[in-house]
């Protein structure tokens, strides 16, 4: 992998950089295999804005406009151009996945085109092993450090209340039963590995029902899976039925929360999928909740970001545009479905199976949020990160496909979908509605949103544990979650108001109770920056009070 | 189990003097009512409350001369209502003796604070007649020749809120009088202007006769007077009413000269006049004798701020109420909200104030007026002052701001709110002050460490804007207040507030005396104040307020302890030095910043 062949022009002098919240800078632009580096001319002044290091992976879209000054200079003219004497120049607009928009004025048409081409190519390399996490070697981290917070094995070992009825199965040790599951999964004790193999053939992608949460207060569990492959002729699978029966054990009833509408579930049978019919799963009651996924979510994000960035119509119909993007209604659906799930477990005292079709998107969204609602252990900083590790990374959310592009990209949409971002938004809504109950801060959510789309760490690389194992992610990259916990910024990822509560935190899901996550979607506005600073100030205050008073 | 409908911030209206119930039966249900000193029971009755969230709830209602109190008798449905009668704008009979259907006979009560209450009674024997008449009399005492409750209450507080605002002291804090601005008592007997306060600050060079001649050319004689002066650049905010230009385009040399004196005072080339109205409205006002400053005012520029009048604001809030009570509009919430235009109006008021503040910061004096100069003008001057002067962002400073720019300068509270008056459809009513408090709330959201007070203070102020328990918001102007001896015979709201200030303090307040706050008045950054406008809906409520408030109280205590310790440390470090200026946040014991602006507040937790 020679990055240099993609870099025709590595350095350009006399470039003007315009970025939100800062005055324009003039300096040197440098392109490397993974970064765009801009250095201010007056570096010695020590201004933090003097240097900008941008991960190329963070770039979602590049727009260029070249001009020949002798020709039609008026068309693209921007302040600063007049000073230049060269015959031609160009402007590159860089739209990032973290929603930042930068502009580079580059002297020399050819240089400008070279730079743009380099960025275009290097920002969307497909080969995992060429990505930056494999090259990132900060001095404070060691590749021998622990990777990840916990493994399925450790998680099982610690959850002793499970041991009676549940066992850890290594049936997937070589990823052959289910390529998107981790090596070890928790299943009912009485279900043998053979039965698991058979049950896996009856679930899309081999994702047979596995345990993801046990509610300590009443022993009820959440299991998740992919849809059953009943198909048009209503196939059955004895092992799958036995497995689910074993999940509820002696209890007489369990719920299936299907994240599709009843109609969609019916239609899925035409393409080989299906649902748990009443006749075959008599102990299970199905509840359908239609959740948008895939393209619909991505388009919603695009509309929202477009509305947020539209400065022409400051007042004009902003609320309508926000509504039309439907983003907040996706937030609402996710939270209310999670609330339904938590209600089944906590209030109704039933175990629940969650799935949609593939079981890697809305299924994870709902199961994660339900755990946040019910389990105080998931609401600490460590607990939340461990939850994400279990329910998203190990559970096989295809990060690489979903987060390949964000809202600005001109590339044709393939598998992109902001499910994880939606999760973070929902977590933020919880954080806002329960200012004391969550141990982490908005800064953490923002950081995670950034890292999911472009990262120096290996955590969100690839689409499954299997792919990570093949690529050697554990051995050759650093772990984001470990880095966050050890970071000297760790404090800023904690909620200074945090007070553990054992109670479930039931979110209000009325549209009046949901807000646009301004911290993310309007992040590059001065007002949001001020608010961030105020949050930081409040944290420092409390830390300092406690320090002195306790001393 | 239904959740109780008792308001989350009921403390704002709470009372602390227990009462002896009349009989055992009452005691069971109505025993937890704490009546105020001077509050008398008038009637109690079995009644059904038609709760929009829980359905029909049986219980008992108690009417006193201050409140309507309802408590459910069904132990499974715990519903308590505690509504000051002052909050009622309209009482109507619902159904007749022959109406069919369950609970179709009763009372329909419209409140000023974004809710309606419906009660059903037994159809037999005119059972609602007595309660209707009592409610009608006591909710609208002024329409029945009776006194407002503020004149009947006997409550006592440690602090006397009437001493919060002393005009001369406030002028002195601003550094007035000086060699450009003088204090005049020309309005001592309200002879010059009957809706202005007695103490006014005017250009040093203006003579008393000038003021009289200017008064003749300004609507209701509300002449341009100083509201605020910038300590460093001496730019001022001056407020007034519209000039009486009329159709014929009258001129008044004295008025022109007077405005030029204002400009001269800090020696800038241009005076900026902000007319809060939309341009067309200002033009239309000429037909009724009003108007705006034309080209004859040399050295002045006129800018219209496009803020709509009281009628538009009233209708806008009415629309908002329609979509939040009793049922919140769920399916198209955001576009419904948009169609009320409420946030748009908030935006225009805020951005007008930002322009005023910005102009003054850059060293230019400004004159602000609308038509009469008591609605939009008060909003603009007070919000601009809140942005410019950190003193007004303290708990007591904010009280001064309201006392000064709203109460003393004659915002017509009596007309806008309709205290004790049965004419619910009065066209003079308008939520201008609510809108101002909303703007303040928006600012506190955008600057969480810049205000010493918390949201509870704002809610408390709005609750007592209607309650008629305190004299603070009664009457239209100072002359009327004097006439009715408000300061002698009633209690100030600030007495209540300042007697338990820790309820109203923001633990994260960080005083920054020189800082000018420019909120963002973009729709993207404005929010509907859900915790006020939709607070009656138990489903919208978020995390129980009590743990959050408890945590904030703990933090306040922690902060106090911290400050104490810090002081001890500093004393032991250098016994002679006063509080060293630490970079750390520090409010209570810090006695303000710049010496002349010093405003000593004793902060002892009560």
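Cβ atoms are placed via backbone N, Cα and C, with glycine included.
Residues annotated as active site, phosphocysteine intermediate in TrEMBL: B:370. Under the heading substrate binding site, TrEMBL lists B:309, B:310, B:370, B:371, B:372, B:373, B:374, B:375, B:376. Per TrEMBL, compositional bias 'Low complexity' is recorded for B:580-596. For B:597-606, the entry in TrEMBL reads compositional bias 'Polar residues'. TrEMBL lists B:161-533 with the feature domain 'Myotubularin phosphatase'. TrEMBL lists B:340-386 with the feature domain 'Tyrosine specific protein phosphatases'. Under the heading region 'Disordered', TrEMBL lists B:572-606.
Mapped onto three states, the DSSP output places residue B:309 (substrate binding site) in coil. Counted over all residue pairs in B:309, B:310, B:370, B:371, B:372, B:373, B:374, B:375, B:376, the record's binders of substrate, the longest Cα to Cα distance measures 12 angstrom. Each of B:276, B:377 belongs to the same chain as B:309, B:310, B:370, B:371, B:372, B:373, B:374, B:375, B:376, is absent from that list, and has a C-beta within 8 angstroms of the C-beta centroid marking the substrate site.
The residue listed as 'active site, phosphocysteine intermediate': 29 other CB atoms within 10 A of its CB, across all protein chains.
Here residue B:309 (substrate binding site) is positioned 9 angstrom away from residue B:370 (active site, phosphocysteine intermediate), judged by their C-alpha atoms. Mean pLDDT for the domain 'Myotubularin phosphatase' (B:161-533) in the predicted structure: 96. Taking the binding-site residues B:309, B:372, B:374, B:376 in turn and counting surrounding C-beta atoms within 10 angstroms, the largest count is reached at B:376. DSSP classifies residue B:376 (substrate binding site) as helix under the three-state reduction.
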